[in-house]
Amino acid sequence: MEIVLANPRGFCAGVDRAIAIVNRALECFNPPIYVRHEVVHNKFVVDDLRQRGAVFVDELDQVPDDSIVIFSAHGVSKAVQQEAERRGLKVFDATCPLVTKVHIEVTKYAREGTEAILIGHEGHPEVEGTMGQYDKLKGGDIYLVEDEADVAALEVRHPEKLAFVTQTTLSIDDTAKVIDALRAKFPNIQGPRKDDICYATQNRQDAVRDLAEKCDVVLVVGSPNSSNSNRLRELAERMGKAAYLVDNADQLEQSWFNDTCKIGVTAGASAPEILIKQVIQRLQDWGAQAPKELEGREENITFSLPKELRIHVTQA
């Protein structure tokens, strides 16, 4: 059996930054450090941070007064921001800058009284945060659609003053279809010059497309609640390949690889490289050859830590 590695794969700049914020806060201020929601959607990462003293909570009412709280990479609503400010909590915001960009777009549309449509998955923390950034005081509203059927059923109050934004971790192909449906139904709709799907999502979907063309089976290392990891698995399946989403090597089943010549391995943007190495080692234990990595797009984007945390680090 051959192992073929997608390139790029694994951590993106936003995930790197979010994890670094939690680690730096733990170093500078000591545990407990509270984190609203999983800072990134990966069980291994969250469990590791929890062991170091991070306390993950669902809502701010679980955070004691005078505590430090970190907002996850997925972003939060204005209501959450305002509650933290009202309570005087010390906040470090790990929201991915590319999610913040969408928040800025939504805030601008609300201020103008332009209604907004968010393309995204209901219940995802990023969607909840983005929807909650829209202030309805100017008479507009924000609507959520996931697919073309949602667009067909959608009724808005002001179709002549309408814009769309997207969740950053969607399927590129599916999102293009939804945008086409929106433009067909609402010819005057505004949108970003380039959709809001982030560079890492785009690159990893391009890489898994290349991987699936060359392999019989595709493994995606990532947690079940990771949106971008699920999109990678779905993309490989749409290309006619057996594809499996696994949190770690222990979830692999040897029967998946009967009569398999080439196994493709990739990882979602919140999966650390150590998990990929463990998957490769398990496959090699079962007789696979040393992995070969495909050529891919180089990623050299980095995001800086919040200014206030950099100051605390310097003082420490």
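Cβ from N, Cα, C; glycine included.
If you look up Swiss-Prot, you'll see Cys12, Cys96, Cys198 marked as [4Fe-4S] cluster binding site, on the strength of sequence analysis. As annotated by Swiss-Prot, isopentenyl diphosphate binding site applies to His41, His74, His124, Ser226, Ser227, Asn228, Ser270. Annotation comment: Swiss-Prot describes His41, His74, His124, Ser226, Ser227, Asn228, Ser270 as dimethylallyl diphosphate binding site. The (2E)-4-hydroxy-3-methylbut-2-enyl diphosphate binding site annotation in Swiss-Prot covers His41, His74, His124, Thr168, Ser226, Ser227, Asn228, Ser270 and is backed by sequence analysis. The active site, proton donor annotation in Swiss-Prot covers Glu126.
Shown on the structure are the features that Swiss-Prot records.
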| residue | record | DSSP class |
| --- | --- | --- |
| His41 | isopentenyl diphosphate binding site | coil |
| His74 | isopentenyl diphosphate binding site | coil |
| Cys96 | [4Fe-4S] cluster binding site | coil |
| His124 | isopentenyl diphosphate binding site | coil |
| Thr168 | (2E)-4-hydroxy-3-methylbut-2-enyl diphosphate binding site | coil |
| Cys198 | [4Fe-4S] cluster binding site | coil |
| Ser226 | isopentenyl diphosphate binding site | coil |
| Ser270 | isopentenyl diphosphate binding site | coil |
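When the Cα positions of His41, His74, His124, Ser226, Ser227, Asn228, Ser270 are compared pair by pair, the longest gap among these isopentenyl diphosphate-binding residues is 15 Å.
The number of other Cβ atoms within 10 Å of the Cβ belonging to Ser227 (isopentenyl diphosphate binding site), over all protein chains shown, comes to 24. There are 17 other CB atoms within 10 A of the CB of His124 (isopentenyl diphosphate binding site), with all protein chains counted.
Note on proximity: of the binding-site residues His41, His124, Thr168, Ser226, the one nearest Cys96 ([4Fe-4S] cluster binding site) is Thr168, by Cα distance. When Cβ neighbours within 10 Å are tallied across all protein chains shown, the highest count among the binding-site residues Thr168, Ser226, Asn228, Ser270 belongs to Ser270. Taking Cβ-Cβ distances under 8 Å and a sequence separation of 6 or more, the neighbours of Cys198 ([4Fe-4S] cluster binding site) in its chain are Cys12, Gly14, Cys96, Leu98, Thr168, Thr169.
Here the C-alpha separation of Ser270 (isopentenyl diphosphate binding site) and Glu126 (active site, proton donor) works out to 14 Å. Counting in whole angstrom, Asn228 (isopentenyl diphosphate binding site) lies 12 from Glu126 (active site, proton donor) by their C-alpha atoms.
Classification of Cys12 ([4Fe-4S] cluster binding site) by DSSP places it in coil, neither helical nor stranded.
Here His74 (isopentenyl diphosphate binding site) comes close to His37, Thr95, Cys96, Val99, His124, Pro125, Glu126, Gly129: these same-chain residues lie at least six apart in sequence, with C-beta atoms under 8 angstroms from its C-beta. Neighbour count (other Cβ atoms within 10 Å of the Cβ, all protein chains): 28 for Cys12 ([4Fe-4S] cluster binding site).
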